[in-house]
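Data first, discussion second: the structure below is written as structure tokens.
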């Protein structure tokens, strides 16, 4: 019972019902999910998540996401009569969020069986994982996994007696790597790999170059719909969200260095510049470097500005971009974070030494303190900032998720011989189809070519409108 202070001569008394559950409920947080026996309402226990009781909250999150993912919902409707993934057994390793849940449930509607693990130890939405488990999906993930938990979850996904995956959907390449390492014979029945991230694609090209790629793979990361929308527009919004939620920093006047001016870097720089930050860029590629200069950013070497900047953001997809020497030279209070997929860009391991003190400030925020009292603010222990510390725009993820679904359908249904043991880009016609499915949301009306115009350009009136090499 809450009673308000008396105003004049009136007293207001308000009774609030006591909630018996909450998606933030942490009463059993100390217990590892690996040590708990959980079942969903149908008695199924083939999953490992934080708390199955959070399923109702997760379902509401998924329902909100569905409203912003029109293309996937359209695919579901079109699948009522046909099941293009009937017989597909998809093993996935991605961020487990409400948006991914919509993708997984769409794949199931298209006829696939799915088993899933998380590609990041911090990005799982526990309530969404619970909703998926309640819905019958075999999900092995929770927020705050250890490194050992991470690989254990992937192994539980893959290693099930009587169940053999025939498709892989990966984000970062860890699942593909694990199967190559532990269960190479599985590739005899796997029809293809769909990979989303620059890190995972790099691994695939390495395998292909070495002649070790056993199956066809689809490079979704370099599809136009992924590069121009997810990497750019998603990061343009989520970089600010992640930094605000973790540090409450004001961007106006802050000096920021963004390492890498690919699509992710472009999105980060545009957002920070619009908020009044002074933005520097580091780049190895002269083409991207020239783009940064012509967009009004100062191109520097990290060593030239490391002592003066307030925020350091990595988004290169590389390793050892910010090494211990740079960390030692940063100013007091410098914020350090990563917007690339992998946690290799910032040398966090070099900070775990006896002379440095770590203080947890809040979830995903650590102070690393030097002997002289200087401290830096490290976010998500150098892992992907936006999905570890905030959320990302659902509509943009709808574009990427639809691209992933179509890539799976294409590889799964391709006649033998169409794709060899190599890495392929999504056909441009599919890219354009994904984009077209999202236009009705904006009440957008495409102009149609006349026969004369189409003949003049040498195009089919219905596309594709760009060559396959267009990026």
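Note that Cβ sites are derived from N, Cα and C of the backbone, with glycine treated the same way.
Here's what TrEMBL has on this protein:
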REGION    20-45  region 'Disordered'
BINDING   97, 171, 196, 226, 230  substrate binding site
DOMAIN    231-392  domain 'S-adenosyl-L-homocysteine hydrolase NAD binding'
BINDING   262, 263, 264, 265, 266, 267, 283, 386  NAD(+) binding site
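Overlay of TrEMBL feature records on the structure.
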residue: 171; record: substrate binding site; CB count, 10 Å: 25
residue: 196; record: substrate binding site; CB count, 10 Å: 28
residue: 226; record: substrate binding site; CB count, 10 Å: 26
residue: 230; record: substrate binding site; CB count, 10 Å: 26
residue: 262; record: NAD(+) binding site; CB count, 10 Å: 20
residue: 263; record: NAD(+) binding site; CB count, 10 Å: 24
residue: 264; record: NAD(+) binding site; CB count, 10 Å: 28
residue: 265; record: NAD(+) binding site; CB count, 10 Å: 29
residue: 266; record: NAD(+) binding site; CB count, 10 Å: 23
residue: 267; record: NAD(+) binding site; CB count, 10 Å: 23
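A gap of 16 Å separates the Cα atoms of residue 262 (NAD(+) binding site) and residue 196 (substrate binding site).
Per the record's binding annotation for NAD(+), residues 262, 263, 264, 265, 266, 267, 283, 386 show a top Cα-Cα distance of 22 Å.
In the shown protein chains, 27 other C-beta atoms lie within 10 A of the C-beta of residue 386 (NAD(+) binding site).
Each residue contributes its Cα atom, and for residue 283 (NAD(+) binding site) and residue 230 (substrate binding site) those atoms are 21 Å apart. Between residue 263 (NAD(+) binding site) and residue 196 (substrate binding site), the C-alpha separation comes to 14 Å. On a Cα basis, residue 264 (NAD(+) binding site) lies 9 Å away from residue 230 (substrate binding site). Counting only the Cα atoms, the space from residue 265 (NAD(+) binding site) to residue 226 (substrate binding site) is about 14 angstrom. Spatially close to residue 97 (substrate binding site) yet at least six residues away along the chain are 65, 123, 124, 125, 128, 387, 391, 392, 397, judged by Cβ distances under 8 angstroms. Averaged over the domain 'S-adenosyl-L-homocysteine hydrolase NAD binding' (231-392), the predicted model reaches a pLDDT of 96.
Just so you know, the Cβ of residue 283 (NAD(+) binding site) picks up 23 other Cβ atoms within 10 Å once every protein chain is counted. Cα separation, residue 264 (NAD(+) binding site) to residue 196 (substrate binding site), rounded: 14 Å. Residue 266 (NAD(+) binding site) and residue 196 (substrate binding site) are 19 Å apart (CA-CA, integer value).
Taking only the Cα positions, the spacing between residue 267 (NAD(+) binding site) and residue 171 (substrate binding site) is 20 angstrom.
Put simply, residue 386 (NAD(+) binding site) is 15 Å from residue 171 (substrate binding site) when counted between their Cα atoms.
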